[in-house]
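Undergrad: Take this structure, written in structure tokens, and hold onto it; I'll ask about it next.
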Amino acid sequence: MQPDTANQTHTAEFVLVGFAELRETRLFLFSLFLTMYLLTLVENLAIIVLVRLDHRLHRPMYFFLTHLSCLEIGYTSVTVPKMLAGFLGVAGSQRISYAGCLTQLFVFTFLGATECFLLAAMAYDRYVAVCLPLRYAALVSWGTCVRLAAACWLGGFLTPVLPVYLMSRLRFCGPNVIDHFFCDASPLLALACSDVSLKETADLLVSLAVLLASSAVIAASYGRIVWTLLRIRAAAERRKAFSTCAAHLTVVSLFYGTLFFMYARTRVASCISFNKVVSVFYAIVTPMLNPLIYSLRNREVNAALGRAFSCRSWKELRHQSTVHQKQRLQTGAKARACGFSALSITNIRY
């Protein structure tokens, strides 16, 4: 809750303007964004299901890719449904409560920061695969993958704690109209009645810490990858090694380019409309493009998609998945049987 002071009216809810200046094209924009949102859901769900069913994709790289797909689904679902309802003029669709606004800001920042850390973890995976292939199984084991993924989610969750707390301490006593399609920090600061200098400084430091820390890992990983590739004399082998990194590097360039532009600044933006266009790019366009980039530039994913769309291969995938589950159960049963036998022998001896 906001602190209450005498003779001061506090804003209980906000109104999201969205793209009100484009009323004439709202049906076109609704159709466009709805199509992009549905494509994002279908593409990322397809990646998750594909990696789950095809045992050939049960590798660390695709383990991280499934986490990235989960992030993309959440990332778009936080903002797009309410924006689509606003285009249709649904009653109350443009209104959002004070608590709901802060919650949306928290979740959106949480998922965005998690994606930064996750892309850094994927860059480390590519570095080990290209530069240290003989030690890959030891350095990027399944236990390491789980710990890295958990660290990414935890780091992302902690990122918005201080900024959102400081936002909750600000007073909003004037206009309650947010010139954006979701509760972003910059348009919210423009409505604050109290001093926002501390909040702007905290936003700058937290944003730079996340962006610089994750981008430093990515830059160091790809620096070593480039150095290793330059030492490979055969051009064919060099291209083959780089092709395993091309999709990830493209996704990193798209995501970090827009984030550096939007969040490595402190002052309230002078051109809100341009900020909304950039926000659409990293909140809607990029999550839709990422699965396409990974599928179009990855032979293994393409091959898995081909097998999935084949009726015979689909049955084989289901059979292989069942076989792997049975093998794991049999392995566990054998381990328990061996333990029971050893215990029985010990009891007999005693």
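For all residues, glycine too, the Cβ spot is worked out from N, Cα and C.
Since this is a predicted model, take the numbers as computed values, not measurements.
Below are the features I grabbed from TrEMBL:
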TRANSMEM  27-50  transmembrane segment
DOMAIN    43-294  domain 'G-protein coupled receptors family 1 profile'
TRANSMEM  62-84  transmembrane segment
TRANSMEM  96-124  transmembrane segment
TRANSMEM  136-158  transmembrane segment
TRANSMEM  204-230  transmembrane segment
TRANSMEM  242-264  transmembrane segment
TRANSMEM  276-296  transmembrane segment
Undergrad: What residues elsewhere in the chain lie close to the transmembrane segment (62-84), defined as a C-beta under 8 angstroms and at least 6 residues from its ends?
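TA: Same-chain contacts beyond the flanks: 16, 18, 30, 33-34, 37, 40-41, 44-45, 47-48, 51-52, 93, 96, 104, 107-108, 111-112, 114-115, 118-119, 121-122, 125, 142, 145, 148-149, 152, 181-182, 283-284, 287-288, 290-291, 294.
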Undergrad: The transmembrane segment (27-50): which same-chain residues, six or more beyond its ends, come within Cβ distance under 8 Å?
TA: 19, 57, 65-66, 69-70, 72-73, 76, 80-81, 83-84, 87-88, 284-285, 287-288, 290-292, 294-295, 301, 304-305, 308
Undergrad: Tell me, what is the mean pLDDT of the domain 'G-protein coupled receptors family 1 profile' (43-294)?
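TA: The average pLDDT of the model in the domain 'G-protein coupled receptors family 1 profile' (43-294) works out to 87.
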Undergrad: Which residues of the chain, 6 or more past the ends of the transmembrane segment (96-124), have a CB below 8 A from one of its CBs?
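TA: 2, 11-16, 61, 64-65, 67-68, 71-72, 74-75, 78-79, 82, 148-149, 151-153, 155-157, 159-160, 163-164, 167-168, 172, 178, 182-185, 188, 210-211, 213-215, 217-218, 221-222, 248, 251-252, 255-256, 259, 283.
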Undergrad: Let me spell it out: take the transmembrane segment (276-296), skip the flanking residues so only those 6+ beyond its ends count, and list any with a Cβ under 8 Å from a Cβ in it.
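TA: Apart from its flanks, the transmembrane segment (276-296) reaches 19, 33, 36-37, 39-40, 43-44, 46-47, 65, 68-69, 72-73, 75-76, 79-80, 108, 179-182, 184, 247, 250-251, 254-255, 258-259, 261-262, 302, 305.
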